[in-house]
Amino acid sequence: MLTKFETKSNRVKGLSFHPKRPWILASLHSGVVQLWDYRMGTLIDRFDEHDGPVRGVHFHKSQPLFVSGGDDYKIKVWNYKLRRCLFTLLGHLDYIRTVQFHSEYPWIVSASDDQTIRIWNWQSRTCISVLTGHNHYVMCACFHPKDDLVVSASLDQTVRVWDISGLRKKTVAPGGEDVLRLPQMNSDLFGGGDAVVKYVLEGHDRGVNWAAFHPTLPLIVSGADDRQVKLWRMNDTKAWEVDTLRGHVNNVSCVLFHARQDIIVSNSEDKSIRVWDMSKRTGTQTFRREHDRFWILAAHPEVNLLAAGHDSGMIVFKLERERPAYATHGGTLYYVKERFLRAYDYQSQRDNPLISIRRSSTAGSNQGPRTLSYNPAESAVLITSDADGGTYELYLVPKDAASGREPSPEAKRGVGASAVFIARNRFAVLDKGAGQLLIKNLRNEVTKKCAPPCPATDAVFYAGTGMLLCRSEDKMVLFDVQQRTNLAEINTPFVKYVVWSADMAHVTLLSKHAIIIANKKLGNACTVHETIRVKSAAWDDTGVLVYTTLNHIKYCLPNGDSGIIRTLDAPVYITRVFGNIIYCLDRDGKNRQIQVDTTEYVFKLALLERKFDQVLAMIRGSALCGQSIIAYLQAKGFPEVALHFVQDERTRFALAVECGNIEIALQSAQELDDKDTWHRLGVEALRQGNHQIVEFSYHKTKNFERLSFLYLITGNLEKLAKMLKIAEMRSDSMSRFHNALYLGDVRERVRILEEAGQTALAYVTAATHGLSEDAERLAEGLEEVPPLEPGAQLLLPPQPILREDNWPLLTVSKGFFENLAAGGPAAEDAALGEEELEAGAWGEAELDLGEDGEAGAAGEPFVDAERGEDGEDGEGGWEMEDLELPPDMAPAAAAPGEAAVFAAPTAGVPAVQRWLQQGVLAADHVAAGAFDSAMRLLNRQLGIVNFEPLKPLFLEVHAAALAVAPGLPGMRPLAVPLERGWGAEEGAPAPAPAPSQPLSLALLEAKLQAMYRTVTEGKFSEALRQVNSILWSIPLTVVESRREVDDVKELLSIVKEYSIGLRCELERKTAPDDAKRGAELAAYFTHTKLQPAHLVLSLRSAMNATFKLKCYATSATFCRRMLELALPAKTQQTVRQVLAACERAPTDAVELSYDPRNPFDICSLTFTPIYRGNRFVEDPYTKARFQPECEGKVSPVGDLSRIGASASGLFCSPTQR
């Protein structure tokens, strides 16, 4: 038995597989119906409306429906998309044992302890036939897959086959209902003539628990309390017993035919599942549980899966492995199918059987070939299986085996857990019993013995000539057999398969949910985690690993980057990847070819290997585009490559600035022509020292202050003087003063101060700088002449000594893509032309210098900016053509050899920046000080809009990520980043750089325990503050494993329930006078998922509140719920007394807005129930539910997120990427 999925729950009485999706329904003895995804191992939904055990459940073949029947005499039809019960069918008078949809007609068949079988039309919601004849409980009833038959089993020791063709003609045939209608009275008394007994099968000595049809053959199988399984055959006229299968030692609960094999599967109350061979009529396998009795079996209609329900849950399993044993060498695939070793030639696509494989007569159904190892030098094959605890078979394949002329050779057999070839004429066998590695020759003789590298070694894999990979517990060891030494080891999950690249340079270790890629020395390992089971893998010719999961074909690059190539309808096992064709085997052992698009991973590989000519060819020749590729290129540090994908100018500008390509940035800025873009271009150009473009940008943004300072530091006094004139025209006194100060023009500064009314300052300036005439004139107008500072110094700027065009930079070679951009049309378009700086381009329409929209204060045109006060012409006005372009900016003057140009030296990457590059954890962004990006992440992931409660935590996380060391006197202290992963073992792969985090799962669990104690003490306000503290901490908590991620999500679910419950209780205490509302809120509190001790307290509070209100019926429900829990004897006695008092008058004096039978959630804003099936909106962070009118408000559960907002979900671990 290969267990694929297992659950722990109450006793499972009914099971049903979904025909298409990986879902299974389980109906429990507790009254709950669970819907599970057995592939992901998650509970999708639960349906809780039956009162008492649910014994039968079944999916519809095509509609989103399922039906359930229980001990409450009700049959309920559910829509799992709407997540609610559509309607209830009433008519049975006792427990309902089984229910089933018809595969074609809108019918449901049900079996009941009222000794009847009923057929219902679920569309008209009526009972269309009652089958009577059994005189004891009817334990099961089911339709025939194709014919108009029903088989039923009863405790009256009979199996009955019913002919329902009359019912079909009556209800389905046109006009048939009028012709075949029987008198209504006869129909009511005897069930009508629509369904008649065709056969009564008698042979069991005790009550029959189950009977089932064969999918295709005229066979019936039944199981009974006489511990026997009987096989029956039928024809058109009679049915008879074929054989009896004995072996169970207690009542047989369920039995069925396997859909794909000639076997019968039965389970029993003797705690076993047995498999029977239909042809030999003997048992082949038995699977036992230690403590649990089995009750129900289900078979998947399409896939080779079975499910069994027992006392403490259910299991989904397969009886045998479906993965074929195969090995590839050169252009040939060797594999085992139907007891033959076959060879498939990839080129000619010919498939030939080579030799027959003799299967052991004692081998069970799951003991076929497990692995195959091929030796091309000697044309030998090693096949291992699990038979007899692990065996191997050695075959020497004849050269003309494909012709079929030579007989199949005899196999040389032996015992061993694993067997692989390690040399031309040697193979290694692991003898687990003796704890030895045996080296044997092709005559199956031992030539050498040695101890495995670890005592716990349980499997060996090929690792090159004379080398083995040995699996031991949680690690793989590279072992040299000749030297008997351990060469390397690596910690891994449980490895199932090993795949080597063609050149043996890389190895892939496949486990159930992880892929580890390492080099031949097990170094430079990277791991890819999968939520779906990994099935197979193969290396392609370019060094990319292509692998399959249950439903995807994916790729993985040597650096660990992975992605999806395509989806799969059914699992396949990759044998070889050649170009864009994937060769694989399906579960039936058939060779398939799948054509895929490899462009994405070939492009990423070329980028990783820096084959830029190939990258450029793919950019130009393929349709590779999209935001994901651009984001990938940016994340991997190739923004210059992303430039070639982008057509949007704004994105193109951002990428050009990021990679420092000032020419393309200038071109995009001219296209966009907005203030923010020009400002960013100016900042980048200033960083690179290209002050001509800085000047151009400042002109575009009309940033006169920055422009004046630029002219000061570049020593351009001529243009500074013009800026002084501009400031005078704009009547900007402060700008005039700054420009006069930059120029060292003392007289102008005195004049400006005097005009501004600052006569005293004007006098001090003139007197200090030796302008005695102006000082005397100004002193006359002052009532009190200010004293001069005796040690005053002149405030004059230094004279510029050197005037260069651009600041000097290091001479470095441009990269491939920068060179391409510089030599292409983009570079020519990006260069500044002389006409860009003509006065026409800077005319009045672009540069509005007047305060109220006019050209000047007196309405004069801008070209007259340099006229003197007396109206005489100066130098001809503010002429922008005076700005000459440097030679390197003019297209005609481009120097030869453009590869050797000036570029800024590359700065190191700060630790904080590395943290920000790593991913989607908001806590890492907070630690790096990037609060804005952290808030955007939290808004996108959890819908958080109110960040005020998180402010103290933001500051705490940021402070914890940096240690400050004092520096030398006069120097700033040094901030040292603190990172996670300092305790990694030597030789282990270095973890990705990430900041240390103060918030941990252990801290949250400690807070949770403190909250539990506070709730127990009844301090609800304090407990709610503790709950909110946990809710605020979870978004900034970082954990390291997927298990801890599940723990954090479970913790979030717990505190959500407590938050809702505590708010209900606090709301109740705010209105003590409203007894009705208080009783409702107390009742709601009991429906939150609390700890048992707190649930008892809440139930007791609700019991008291409703009893005082004389709502005895409601109070009784709380009493019964309390009695189901473990109570102290004294409390239990009190509850029983209250229950007795309530049952004497089981009525409610006041009608409460509370229905204990209808499942509901509690809206924490309106404090009203949201019953199952009603519309609701969710808090994207905690998943708390609210009434639809609450959409858009801030959720009170944590006071963080907006109700109804869309969000991607909680990210708290690097393993979630």
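One is the number of the first residue shown, and numbering goes on along the chain from there.
Glycine is treated like the rest: Cβ placed from N, Cα and C.
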Where TrEMBL places region 'Disordered' among the ranges 852-876, 1177-1201: 852-876
Long-range Cβ neighbours of the repeat 'WD' (89-130) (under 8 Å; 6 or more residues past either end): 14, 55-61, 65, 67-71, 73-77, 136-143, 145, 150, 152, 154, 162, 164, 167-168, 171-172, 191-192, 194-195
Same-chain residues near the repeat 'WD' (201-242), Cβ under 8 Å, at least 6 residues beyond its ends: 136-137, 139-140, 142, 144-145, 149, 151-161, 248-257, 259, 264, 266, 268, 270, 276, 278, 281
Tertiary contacts of the repeat 'WD' (47-88) (same chain, 6+ residues out, Cβ under 8 Å): 13-19, 23, 25-35, 94-101, 103, 108, 110-112, 120, 122, 125, 1157-1159, 1172-1173
Residue counts (helix, strand, coil, in that order) that DSSP gives for the domain 'COPA/B TPR' (627-772): 116 helix, 0 strand, 30 coil
Per-region confidence, the repeat 'WD' (47-88) (mean pLDDT, whole number): 94
Residue distribution over DSSP helix, strand and coil in the repeat 'WD' (201-242): 0 helix, 25 strand, 17 coil
